[in-house]
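Down below is the structure, laid out as structure tokens.
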């Protein structure tokens, strides 16, 4: 049979170093090869380290593209760039590290763009070729802000406002924040917020929003560069303030918008509303719940983030804006797509000649990925056809392999959102047997425990293992012995007579090899006298005894614990060989004490409790409850209110916190006191609201921190006059209890609520939607009324009104009830079962028709039971039916908690309020194997000089056919940091392993899981120390995982308004010319296009309401014929009624235009006269008042901002820098913060602090970025914002 290999072909080439072996054997063992000499075993190349698929480099540093591989013989490396061979030796700037394929590219003094492209590494030896992922190399970019002049904004108080940032598109995108001229971040709150695109939104403006220095900053992470936008001036006027208004959405526009997100990414949804008062934002998901464990709100609940998105997160998300004038809704339709992800990656195969193996490449994604196979980096359809090789979509079957047919197979799975690439080698070997278990190894076990004697072997074909005891007796599978498939001999219950010498022999058609091991069975460790419960007075001594019996050849260690922790470091605690004494006992010594006796093979423990008797404590100061109030008096009497006053009693040193006022209704409930109200402890009067037709008597209780006082003496009686009822009965319902009736029930009014004598109820009913007259009946002293002769389960309108001798209550509300139900007449049809995995199945059925339900459909009941396991032949009669109820009109449901590898039967019934209908036809189904439970235990025994032995137990629930175990372990240093991990695989019958040649005095952490063909189950962990110093070995480097690379364009989102649409997108390319193109849907006209360049959003204006447009985003570069484009998106502009009025025909408008024309004529005449008289305009003053906001000089002595200069040599803020090689280029304008520095060294440290100084502007011919600043002035105000 073929054996999957993940760890260890290469180690057979070494004869003196420890490694993990799992080659053509079913157990992985850590061995010391000082005494085992093996010849090298051929192995095709395996990629062990490679760079991420998307590599953005800093042009100030060298480019390092990793590519490491192993194999025998050692592989050679080559590279391709943009699909063609990359000759590393011809480029003096490119160095390939010796013994690896890692490239180091020195880009100092070079144009970094020359090395951008797609790189792929190839590792080759005589047995095959492995290839790396395609690694896209791109230079980080921080383009400059386009030169623009922002017009001053004037807005009325209460209006909404949007300040646009529109930063240049960098690689990666910049971080946006808003600050003022003093580098203070602008405060954000519910009213003022920053959108995800960087724009600043005001739900309504206030007078304090007036300022001239709204500045947007963009920080580019890779180059540590900060760019600033021109300041925006905002003036808030109060001469025509906006009034209060209901909410409306500024972002997104329109009633709906769309959002696409990839599986595993973070979904960010944003809603920003305007309105006065400032609206509150809330989020819901239509038809579902928000995932609370992965959900978070940001930006004052205007942004909803959902991490680790999955397919269930698709749907309609509703954001609601609310203020006291109304609400507004916006629905964001979210779709979830998925780049390819692994279900099961192909694994390496080791095959003997004439064996058969299978490579599988299971992936998933949305849309479904396309799978392509390669052999040694060449498409499988282009390599010579081999007899016995068959390709079936995601599977390659290799039959009757022959020597010399070793190769590396590649599986590539891709869709429009990314790709996955995996290498898996097929190594065809013919090797004689080798026994890998060290010779003369001694195994020690405790009596009555299992013993495992290992015979780990290697060979191709797989060797056959036989065992002998004392070199004479052949051991057969039987009651006391089990020989596992991997060669391990198991003695399930070891006895003293099982001690001795054991020999294992490994045989295949190429040779024979034997090995000897020894078994020693030891007596168990037992506590003969356990510690006993002690009650000790404080200051006395306490002694616990713990006497133990153990095997004389084992060295015992006694340990005492207090409350499962170490004993206190106190000389009062004395530990003897078999006792613990505690002197001068104190209160803190009370607890549980445990003695633990450990040997190298087992342990025993026992516990006892210590109770310390303490002296009687001194009584605490007692506070008394207050005396009752007195002299109750009623004043200001009306029909519905009265004022009560009283005199407080003695507080007894505890201030009165409140007074409780109670009343007694002598007419309806004599003798019952009811709480009416509470007032503060400082009050002595209360205004009481009363009800009609009540004979009131009042009393007062005082309360302090001790409790309530006794009640005061009752007040005099106060009677209120009768009146008509103020309310009707509550909880009115109509429910049929039997077919043909309707039971109307209600909660009757109390005597207190009746408001007068002669209380009755007027019950009215009629069949709904029938336009019948109301039927009516007056009843008294009851809380229900039964209507007979009704049809089965039809709706009725019902109302119940209270009335007494003084009139009727208010008009009652109409409620809907249903007449009686009957049992359903049929079960569902077309019952189908889809089994998802070993523990989950999905059942589908055809919903029943409404008439057959004969009542309100409550749902469906699915009865299912486990008949037997698939490996069993008899039915399990002890199994009970399991029942799941699916509420509502469902047509499917999931059956969780199934037992893998079992046969189940089920049927379904319909459920209404009356009960269940007849069952459906019974259906049977089978569950596949599942992952097993965790191993039952994992323990470390027999720590040696440089080794540890692990033992474990099989899972309680195998959930299928157990195929083996996976062990991972790694060292833990003194600072609790985990070192490199090693992974080992074992067969199902392995339950122990000895790990050798470990680092001395080192803590190791172990992780163990069992596995079936469905995968690995949960892990259990253990930790243990080694004992002495030994030589350390370098663990192998593990392959890192790389994130997938997507296309040039990502998500495209749209939102619409009355005559415009906002298009936003994600763009990962580096083209300079980006356009938004649109055309009327179904039109044959040419596409209209608008240039947007560095922005990632654009508004299309002047669209015709009620018209649908097709829109796409296109990127073009004159130097590159490749055109990148998004999919076409259909945008529909809503039709709205015209509200425009032709003001050109209005009389007031004509008069206003005439007045303006006359005023302009007068101003022209005055200007002409002044000019002829030699007058001059104050140009200098005007220039001073309109300084360039980028020109912000600093004082050279203290680094603070100085006054503006009127000379040509301004000293403005240096807000950015370009790399020394000048690779960061300008967009369209030469005006940027980078122009004003004395070189290219204005930068940010790693902690975000600004490095640079403010200095005079260079002449235009000075080379940028080659000089350094000698006296930097940090502007640390930005540190906390980037």
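Cβ atoms here come from the backbone N, Cα and C positions, even for glycine.
Note: TrEMBL annotation is automatic and uncurated.
What TrEMBL records for 1-22 is signal peptide.
The annotation domain 'Ig-like' is assigned in TrEMBL to 45-132 (among others).
Feature annotation from TrEMBL assigns domain 'Ig-like' to 143-233 (among others).
The annotation domain 'Ig-like' is assigned in TrEMBL to 247-335 (among others).
Mean pLDDT, taken over the domain 'Ig-like' (340-427), works out to 92 on the 0 to 100 scale. According to TrEMBL, the feature domain 'Ig-like' maps to 340-427 (among others).
Annotation comment: TrEMBL describes 433-520 (among others) as domain 'Ig-like'.
Here TrEMBL flags 524-611 (among others) as domain 'Ig-like'.
Under DSSP, residues within the domain 'Fibronectin type-III' (628-723) fall into helix, strand and coil as 0 helix, 50 strand, 46 coil. Under the heading domain 'Fibronectin type-III', TrEMBL lists 628-723 (among others).
For 706-736 (among others), the entry in TrEMBL reads region 'Disordered'. Same-chain residues lying 6 or more positions outside the region 'Disordered' (706-736) and placing a CB less than 8 Å from one of its CB atoms are 623-630, 632-634, 637, 639-640, 642, 644, 646, 649, 652, 654, 660, 662, 664, 666, 673, 690-700, 742-749, 753-757, 759, 761, 765, 783, 790, 793, 796, 798-810, 812-813, 815-821, 913.
Feature annotation from TrEMBL assigns compositional bias 'Polar residues' to 710-720 (among others).
What TrEMBL lists as domain 'Fibronectin type-III' is 728-822 (among others).
The domain 'Fibronectin type-III' annotation in TrEMBL covers 827-930 (among others). Across the domain 'Fibronectin type-III' (827-930), DSSP helix (H, G, I), strand (E, B) and coil residues number 4 helix, 55 strand, 45 coil.
Annotated domain 'Fibronectin type-III' per TrEMBL: 934-1030 (among others), in sequence order.
For 1043-1135 (among others), the entry in TrEMBL reads domain 'Fibronectin type-III'.
According to TrEMBL, the transmembrane segment annotation covers 1148-1169.
Taken from TrEMBL, the feature region 'Disordered' applies to 1178-1282 (among others).
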Cβ-Cβ under 8 Å with the transmembrane segment (1148-1169): same-chain residues at least 6 beyond its ends: none
Within the domain 'Fibronectin type-III' (934-1030), residues counted as helix, strand or coil by DSSP: 0 helix, 52 strand, 45 coil
Contact between the domain 'Ig-like' (340-427) and the domain 'Ig-like' (143-233) (3 or more Cβ pairs under 8 Å, separation 6+): no
Cβ contacts the domain 'Ig-like' (524-611)/the domain 'Fibronectin type-III' (934-1030), at least three under 8 Å, sequence gap 6 or more: yes
Proximity verdict for the domain 'Ig-like' (247-335) and the domain 'Fibronectin type-III' (827-930), three or more C-beta pairs under 8 Å: no
Selected stretch (most C-beta pairs under 8 A with the domain 'Ig-like' (45-132)) from 433-520, 827-930, 934-1030, 1043-1135: 1043-1135
Helix, strand and coil counts within the domain 'Ig-like' (524-611) (DSSP): 3 helix, 47 strand, 38 coil
